[in-house]
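> Here it is, the structure, as structure tokens.
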């Protein structure tokens, strides 16, 4: 080494030492500055997979794809032993339908629907003439099917090679006589945890992993061994279960083997997909409806609520109304997968929200069940086509009794792996406040003998007050922090708030009332004004003719008069940029993949392995 080279090396060491000294006093982040080399590379969108899991449909595709693949989110698993009892998750049926009060509630809901239909005039200024189901029943009872073909053209899935599992369309078309259990791993937007077979968290995650892996291989043509070169964007509900999200992230990174992940909320992604910056998002899915207000890429926590009904409830309600009108296909069963598919199709074909369509109309439909003849039925329907979708605004018509129908954003239960969750922060914050108050009390207390008794009384009372506070911090829904002598009042306030929440969540809010409630929870009048001016409807549950005008009319009529005077126009958007509303959230996930700011949101496999759920707190674009 030459003298010059030695000098350069020494200078380098000195500079390095100085740099180290400068950094000694700096607070270091949880995640080290040294990150995987992949961070330095420019992310290519065709190596990013966007996953939007729904209750009935999985939407999955590369960020560069124009449209995602839409796959039924269902799996059929072969029985381990001969003679095992068959198990299948229900689709259109649900708990709370067969209670003694169900039919009475259904009838009361239908009366409210009929009253609303009659009270709103048609566009020519006249009132609709109601059509009773008896007018259609006598005609429909006489109808017999015509045989179009002795073979429907559809076949049951071939299971002669005894596959361990079948996914998507193949699972839907498994013959009920074959030895397969049917599982829908997501119900009403959450993981389908239940006490039956395949209902544990581990089993549900295993089903999801198989379905997603199959879709990636079949529709995206990506071998699973190559997932280490890919990253994933996962869309989650606005009101999410932290434990479930953590398990899904762990599955994607550690089991499926993706190199990185970004987790974001459906509502925010819907704004990205529609190109709107501030809007009230109304996501009407197949099994749940969620409403929240999004402003500049942030979902306002207080405005979030989830309603436990959706498109499949409308399908079931439509079937009940058609039965009253003498539905000619008398063999229809809600427990049959093929009949559920048929009812969904009939709802999408015939139902509408157009007040101007009145009177009896003739319709026809075909039944093409596997290994059966193709049949053609003719029948008549009147107001049933309008009554069924209106049940979204009068959910008593669904006849669901004794179920929690509305969910608000609650405080998390806490996670032992996350040392800085809300429970920890609240507990430490409260102890600091108590400690500070106790110190202040001691300082302010004077030394004369006459005051010693009072001081002793105060200090002896302090542990009780501390104890009462710590006990109260346990529940997840509490919003009150107790301090000092206010503990009893705070406890009373907390209990009354909990009671109010439980009463509110027991009610089935109509869609229009849910939107008004969400907007009313915004913090300022300016924000409320923005939200009333822009209501975006996404999801496939409200894709009815004239739905946009109908919802707009309901919101205008029910919004507070103070806002009606200052808002020029209530804009309800059902098809932004002429896009399919079912794909908008997925499209927003694809847009998110291409944003420069997303570079800071990636959680990498090695980081997750080392830091676990803390990475979600560090990197999530929303408050974890």
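Quick reminder: no glycine exception, Cβ is built from N, Cα and C everywhere.
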> Which stretch, out of 430-462, 463-495, 496-528, is listed as region 'Disordered' by Swiss-Prot?
430-462
> Which is it, of 1-29, 30-58, that Swiss-Prot names as region 'Disordered'?
1-29
> Excluding 55, 56, 283, 284, 285, 286, which residues of the same chain place their Cβ within 8 Å of the centroid of the Cβ atoms of the recorded ATP site?
54, 189, 287, 288, 289, 310, 311, 312, 539, 540, 541
> Using only the Cα atoms of 55, 56, 283, 284, 285, 286, which the record gives as binding ATP, return the largest interatomic distance in Å, rounded to a whole number.
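Largest Cα to Cα distance for the ATP-binding set is 14 Å.
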> Check the DSSP secondary structure of residue 284 (ATP binding site), expressed as helix, strand or coil.
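Going by the DSSP assignment, residue 284 (ATP binding site) falls within a strand, counted as strand.
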> Who sits close to residue 55 (ATP binding site): which same-chain residues at least 6 apart have their Cβ under 8 Å from its Cβ?
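In sequence order, the residues whose Cβ lies under 8 Å from that of residue 55 (ATP binding site) (at least 6 apart) are 73, 184, 186, 187, 188, 189, 285, 286, 287, 288, 310.
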> Tally every other Cβ atom lying within 10 Å of the Cβ atom of residue 283 (ATP binding site).
28
> With Cβ-Cβ distance below 8 Å and at least 6 positions apart along the chain, what are the contacts of residue 56 (ATP binding site)? List them in sequence order.
72, 73, 91, 184, 285, 286, 287, 312
> Measure the Cβ-based neighbour count of residue 285 (ATP binding site), defined as the other Cβ atoms within 10 Å of its Cβ.
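Result for residue 285 (ATP binding site): 27 neighbouring Cβ atoms inside 10 Å.
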